[in-house]
Amino acid sequence: MSKEFDYIIVGAGSAGNTLATRLTEDASVSVLLLEAGGPDYRFDFRTQMPAALAFPLQGRRYNWAYETDPEPFMDGRRMECGRGKGLGGSSLINGMCYIRGNAMDFDGWAELPGLEDWTYLDCLPYFRKAETRDIGPNDYHGGEGPVSVATPKAGNNPLFHAMVEAGVQAGYPRTEDLNGYQQEGFGPMDRSVTKKGRRSSTARGYLDQAKKRPNLTIVTHALSDRVLFDGKRAVGVTYLVGDSEERVEARARKEVIVSSGAIASPQLLQRSGVGPRALLESLDIPVVHDLPGVGENLQDHLELYLQYACTQPVSLYPSLLWWNQPAIGAEWLFNGTGIGASNQFEAGGFIRTRPEFKWPNIQYHFLPVAINYNGSNGVKEHGFQAHMGSMRSPARGRIQAKSKDPRQHPSILFNYMSTEQDWQEFRDGIRLTREIMAQPALDAFRGREISPGAHVQTDEELDKFIREHAETAFHPSCSCKMGTDDMAVVDGEGRVHGMQGLRVVDASIMPLIITGNLNATTIMIAEKISDKIRGRKPLPRSTAKYYVAGDAPVKGKALREVKQA
């Protein structure tokens, strides 16, 4: 194998696979793609069956299984922080919800100095480029992209429809497309699943078309040790293969692109000598470039579940029983249909809890079964739940390498629930969710409130429940943010400030977290920056219309109003 390439990409995840595929469309360009995990085994139902999404989080084959430091505002809990490991990265283990964020998120990015070409209308063409939606393209959706997007179909679970109707009856808008003209409101939720009912990871969508190209070299089980520099220029990478302690060196003629995700990208930069001077010196790491923002500005989405018993036998509870699972698996394996072919997040919504929020600050995922996201603590009866989470918390955390050892996980602290806004949003969110769940559309299905339980009413009782039960939505981001201020790490093209030949391209470069799931936006970022790297003209700006709430009320009058503490 040649040890010199034009580009070295560290991380074959949502961004890295997109970059590798686009860069190698130019036959004269050579790319080395390094991935610490293994292949995305297509026979492994745990990653390929949409309904099995909880399984990869339960082990370490596909999951880095990071843990936070004790979170000071969450009763000192060490909280789960799963990230994908293997070809596809977190697109190999995520919940497959295809949500792009709100148009106002990107317009907000573009208001920051140096990010003027990140408006929603600049980004929308790249969302479309990446996507093939099963019902065809329009102004908002693509029809020829690598990411297969499935829309909910007639005849799916009646609880999805009842939950959307309940949201509308509670006074919120109805939207036909959470990724279209109007995100705000309740409606069907798209998912990154192929027409044959398989997970549409970036390994399947992007690498499958690129991996046979002679100018792309993929090395799995390759854990990057550090980036190599000649002065301020990145010239290569050293990495470990498997359990070996021997460093392998590869050289980059043009650039090293770090696409290791919001946890591992800042850690790799720090181990390589790019980061806050005081941290590097405390670890005896020679300082290549003092860049204080590396690992700072860390953001995430926190969420919790409101669970209800279901009085009709229409939930997915029977699918949790082992004796029903062989038939579900067989239908999925041979036909690509049935319960196994969906992630079962086919309805959701976005709302504003208070007028001061100019676009939605709460997201809902509806699930027709009562169970934890990671597959634990399944309620042993028919039930359903709403996942409710805040979208743009003011809380900021950080990532810090603990040593030079690439196998040692970093110190992670999100500072969840560290601001008064966090507590207000979650209290409001729980109370508004209860009002939604009390609407007539759910009368035929709604039993008792299982969690938190109807007895949990006061601010103090709600706060206790939040501290004990809120958990990550697995959306870490913003730890190597784009921008020009003193804490920015990269510019609007992903180039690391003060360095040459070094970029970061992944969810870590978001300056502010978006309103929704991160995967589609991470892919969009890589699509957009790949054109920059290739020296191509950007795709023409979209002219699509999009909704701005303006002075519109947060909600209308609920059909059934609910008195709460």
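Just so you know, glycine gets a Cβ as well, placed from its N, Cα and C.
The model shown is predicted, which means the values in this text are computed figures rather than measured ones.
Residues annotated as FAD binding site in Swiss-Prot: 6-35. In the three-state DSSP scheme, ASP6 (FAD binding site) falls into the strand class.
Under the heading region 'Disordered', Swiss-Prot lists 182-203. Mapped onto DSSP helix, strand and coil, the region 'Disordered' (182-203) counts 2 helix, 7 strand, 13 coil.
HIS475 (active site, proton acceptor) has a Cβ environment of 24 other Cβ atoms inside 10 Å. The active site, proton acceptor feature in Swiss-Prot is assigned to HIS475; the stated evidence is sequence analysis.
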- Query: What's the CA to CA span in angstrom from ARG22 (FAD binding site) over to HIS475 (active site, proton acceptor)?
  - Reply: 25
- Quick note, SER14 (FAD binding site): same-chain residues at least 6 apart with CB under 8 Å of its CB -> GLY88, GLY89, SER90, SER91, THR202, ASP506, ALA507, ASN519, THR522, ILE523, ALA526
- Query: Here the binding-site residues are ASP6, ASP26; which one has the lowest number of other Cβ atoms no more than 10 Å from its Cβ?
  - Reply: ASP26
- Message: To see if you understand the setup: which same-chain residues, six or more apart in sequence, place their Cβ under 8 Å from that of THR18 (FAD binding site)?
- Response: ALA130, PRO146, THR202, TYR206, ILE523, ALA526, GLU527, SER530
